[in-house]
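The structure under discussion appears below in the form of structure tokens.
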Amino acid sequence: MITTNTSSENWDLYRKVTHCLVGHTRLVLSYSGGLDSTVLLDILTRLKNNSDHFTSSPFMLRAIYVHHGISNYSDEWASHCFNQCKIRGIPFSVIHINCYNAENKQRNIEALARNLRYKKLYNRLNSKEILLTAHHMNDQVESLFLALKRGSGPSGLSGMSKNALYANKYRLLRPLLDCSREQLEMYAYKKKLVWIEDDTNTDTRFDRNFLRIKILPSIYQRWPCFNQVVARTAQLCRDQENLLNELLSESFQKLIDESDGSLLFIPLFQYSIPKRQALLRRWLLHFSMKMPSYQLINRIWKEVVLSRKDATPILQLDKYLCRRFREKLYILPVNMRCSLNRIELSWNIIHNVFILPYNLGKLIYQPLSINEHVPKNPFDLHLNINSSLNTSHDVFEKYKKVLTHCFVRSPKSDEKISIIFGNIDGLLYILGRNHGRHLKKIWQELGVPPWLRSRIPLLFYNKTLITAIGVFITHNGKIISKENTLWKISWLQDIISYKIFKNSVRYHLE
């Protein structure tokens, strides 16, 4: 066990870290082996082993090294980190990322590595675990300079937060954010800590290194307290941003539909330009996007909102799409840009579960006795199914799934069952309507957005359409009272599509 020395020069570091950890008992340290994270590892170890002495609540701690594969020394650094954790009795693991596979997709390798690193780290967090990084005050100064370079507003200039929540799911703490690099160096030398020097830290092609090596030393020499002043400025910007969120909260809640994340844009016309831009920005952040630029907000307004009434505008935002339908804006995964080609698939009823293509979920059929279950409504919705997609923090993957049910007549012995995606010809007669309509007209009447229409499974018995599952049922699919059984068809799908089914259920009830 490493002994504890509570000399006055170290007490400030212990106090700041202890204060940041209040209420958290399962910690995961992002440990690179560099000076900063080595200092934090050492402090956390001492607090863990001497919680009574430092009035710190007991906590569990483990460390993760992210192997980027950028440096030729990455394997050696991983071994070093393993040994440092071993002598402290801290569980340790390594995760690998490959920056070069995606380098052509994003020219900024620095940002790419950071994004991949956080994604992998978040995916490794277990229930109630929080992530710790060793960012300090000097890192905050660099972040502010980079924000200035990008022309950021108060949100960007607020820098890094000591306590942040990502995607409403992952907690990130930065216990050393109020500490200077000099404090950490002094601690490391006095404790005789061993750390690695990353050779890429001297490469001034990277923006942070350029600032750290070429720009900031002269500034610190001229104004020794510059980092403290910048930290205060960042906090003031953060306070202003929090206040703005508070003031806009009521307006924002009136505009957004939480069931599918869509935004009513008609009311935006009555607001001032700054308020309109602020609301659009908060809407995009609602999807865990990076801070949208001024130019991007303007493009959404001009190219999507203000496009012709009969147009179907699409604006790609990295891996997302911004689309307009009727009086709403939608954010969608980029893979929903195009409609699916017509697909026809046979369903062998020996298997009651049918896996749909294109990650559209699964269908499940269940024969029921008509005497035991006569539904009041041909549709039924059950939310909060205990099934989630995965642990990614992407907004379209973090949503729970929704189970949509519909009840139709059972197939006859000579009827083959198939699932079709895409458009079909001819007039359709659906429950709730007396006159026939083409499928396109039905989609329009039920308010189904164009990008979802080709993704809704159509259930056929032979050549006869029975139901667009969860949306409408045809007269040919109506339950026949003289039959002994009916079919319950369930579609397990992403909740992002829930709104169209809620609308169709309301339509049938009316």
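Including glycine, each Cβ sits where the backbone N, Cα and C put it.
The number of other Cβ atoms within 10 Å of the Cβ belonging to SER32 (ATP binding site), over all protein chains shown, comes to 22. Feature annotation from Swiss-Prot assigns ATP binding site to SER32, GLY33, GLY34, LEU35, ASP36, SER37; the stated evidence is sequence analysis.
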In DSSP terms, helix, strand or coil for GLY34 (ATP binding site)?
-> coil
Within 10 angstroms of the C-beta of LEU35 (ATP binding site), what count of other C-beta atoms is obtained when all protein chains are considered?
-> 21
